[in-house]
Amino acid sequence: MLRGTFELIGDKSISHRSIMFSAISKGNNKVSNFLMGQDCLSTVSCFRKMGVDIEIAGKDVFIKGNGIRGLKPPTDILDVGNSGTTIRLIMGILAGNDFESTLIGDESIGKRPMKRVTDPLRMMGCDITGKDDANFTPITVRGGHLHSIDYKMPVASAQVKSAIILASLYADGQSIIREKVKSRNHTEIMLKAFGADIKENGLDIIVNPVDELFNQDIYVPGDISSAAFIIVGALISEGSEVLIKNVGLNETRTGIIDVIKNMNGNIEIIDERVVGGEKVGDLLVRYSKDLTATTIDKTIIPRLIDEIPVIAVLATQAEGTTIIKDAQELKVKESNRIKTVVDNLKKMGADIEELEDGMIIKGKTKLHGATIETFKDHRIAMSFSIADLISDSRVMLDDTNCINISFPGYFNLLKDLTK
Ligand code: S3P
């Protein structure tokens with residue numbers, strides 16, 4: 001069982017953005033509770049290579065902004081490691097800067113589609129080349145002189161939306177980005193604080209170019225996507241009660257809380273507040289004996305996309321048939337998460353069927369220990385460490401280093417909470 005109280009580590013999406021927007025602002029910025037995970041450190045490393053002075057001190061980061069057009073041509077190839085957020089958002093910034101740079105990443109990044117970003121940036125006038133017509137790394141961006149764009153988003157993706165918003169800051173007129181379903185809006189919230197001219201009108205985002213962004217002190221709330229593992233662990237292991245302090249509760253991210261409530265899970269939000277434009281609160285989660293199945297579809301997918309692997313583990317312990325559909329985006333994450341979740345849960349004895357766009361899980365089933373192929377996907381590794389809490393013999397993960405991508409100190413925390 002899991003019991004105890006802890007302070008949640010910083011949000012990955014917000015940490016990336018805090019470095020990027022500070023780097024192109026004018027003045028001295030301070031970021032507190034920054035997530036020192038590998039992905040966010042890849043962002044730090046890319047901006048250092050473009051002449052930005054970034055100092056790390058404990059959980060704080062100090063960034064001397066170079067101004068919106070002050071980045072330097074990189075001293076080296078920009079290596080984004082495993083980070084989709086780094087590569088996609090950075091392309092939006094590079095598109096507006098008058099120099100050439102080349103982006104690479106690890107094996108997983110090499111398989112992730114980039115045309116969703118390179119297409120709209122090309123429409124804005126950016127010169128981009130790369131493997132398979134700039135769909136895959138390595139990708140070379142020659143930026144400068146962008147036109148405004150009126151763009152209907154073909155996929156619900158905050159990374160794509162953010163790249164176009166960032167490029168729009170440098171364009172020659174007003175841009176409109178039209179979403180079908182609202183994706184996470186941390187870029188809009190934070191850029192407004194930096195002085196950008198961004199308006200939201202329903203699902204449309206209207207961006208005007210700016211001459212400068214202005215320095216900020218940013219506090220990064222805790223990452224609900226990281227909390228998700230502990231939340232599910234507490235819901236499924238008998239006797240658990242966990243208080244998670246300082247969880248980011250932006251409505252574009254809280255789909256998992258709605259799903260848990262639908263499933264009859266015992267989760268409570270305590271002391272809700274707003275910090276730096278983002279909602280924050282504490283979450284009290286208790287073991288929930290009578291979990292019931294649910295259906296998850298496109299109306300909620302963007303609000304919980306990263307939590308689906310661990311929600312699948314939860315569904316194995318809920319009475320009835322859980323259906324997860326409209327989730328084809330899972331195939332182009334750090335691994336093909338439909339396949340990695342279904343194959344590994346099958347190995348553990350779950351009653352689970354793979355769909356083209358999701359999965360069907362019948363519960364409640366007893367889970368058995370197995371050797372799990374993580375494909376070095378951090379969220380797969382953590383999801384199955386949670387399945388281990390209730391399996392009749394141990395789960396063996398083929399890689400645990402990948403967890404440092406988003407949750408350094410994860411196993412120490414899990415050990416502290418395990419009673
Ligand atoms: C993120 C957006 C999501 C999410 C990723 C982080 C972001 O990706 O899966 O982990 O920080 O904008 P998509 O934009 O591809 O949906």
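Positions of Cβ are set from backbone N, Cα and C atoms, glycine also.
For ASP306, the entry in TrEMBL reads active site, proton acceptor. Taken from TrEMBL, the feature 3-phosphoshikimate binding site covers LYS12, SER13, ARG17, SER157, GLN159, ASP306, LYS333. According to TrEMBL, the phosphoenolpyruvate binding site annotation covers LYS12, GLY84, ARG112, GLN159, ARG337, ARG379. Positions annotated as domain 'Enolpyruvate transferase' by TrEMBL: 2-412.
Features recorded in TrEMBL, as mapped to the structure shown.
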residue : record                           : DSSP (3 states)
LYS12   : 3-phosphoshikimate binding site  : helix
ARG17   : 3-phosphoshikimate binding site  : helix
GLY84   : phosphoenolpyruvate binding site : helix
ARG112  : phosphoenolpyruvate binding site : coil
SER157  : 3-phosphoshikimate binding site  : coil
ASP306  : active site, proton acceptor     : helix
ARG337  : phosphoenolpyruvate binding site : helix
ARG379  : phosphoenolpyruvate binding site : helix
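For the pair ASP306 (active site, proton acceptor) and ARG379 (phosphoenolpyruvate binding site), the C-alpha distance works out to 8 angstrom. Once Cβ contacts within 10 Å are tallied over all protein chains shown, the binding-site residues LYS12, ARG112, LYS333, ARG379 are led by ARG379. The closest partner of GLN159 (3-phosphoshikimate binding site) among the binding-site residues, by CA position, is GLY84; the full candidate set was GLY84, ARG112, ARG337. In this entry, LYS12, SER13, ARG17, SER157, GLN159, ASP306, LYS333 make up the residues listed for 3-phosphoshikimate, with the farthest two CA atoms of the set 19 Å from each other. Checked against ligand 1, the recorded positions SER13, ARG17, SER157, GLN159, ASP306 give SER13, SER157, GLN159, ASP306 as the ones with a Cβ under 6 Å from it, listed in sequence order. In this structure the alpha carbons, written CA, of SER13 (3-phosphoshikimate binding site) and GLY84 (phosphoenolpyruvate binding site) are 11 Å apart. Proximity of SER157 (3-phosphoshikimate binding site) to non-local residues of its own chain (separation of 6 or more, Cβ distance below 8 Å) is seen for ARG116, SER183, GLU329, given in sequence order. Across the structure, GLY84 (phosphoenolpyruvate binding site) and LYS333 (3-phosphoshikimate binding site) place their CA atoms 8 angstrom apart. Within 10 Å of the C-beta of GLN159 (3-phosphoshikimate binding site) there are 23 other C-beta atoms, taking all protein chains into account.
Take the recorded positions GLY84, ASP306: by the count of other Cβ atoms within 10 Å of each Cβ, the lowest one is GLY84. All protein chains considered, the CB of SER13 (3-phosphoshikimate binding site) has 28 other CB atoms within 10 Å. LYS12 (3-phosphoshikimate binding site) sits 19 Å from ARG337 (phosphoenolpyruvate binding site), counting Cα to Cα. The Cβ of ARG17 (3-phosphoshikimate binding site) has LEU89, SER162, HIS186, THR187, MET190 as same-chain neighbours under 8 Å, each 6 or more residues away in sequence.
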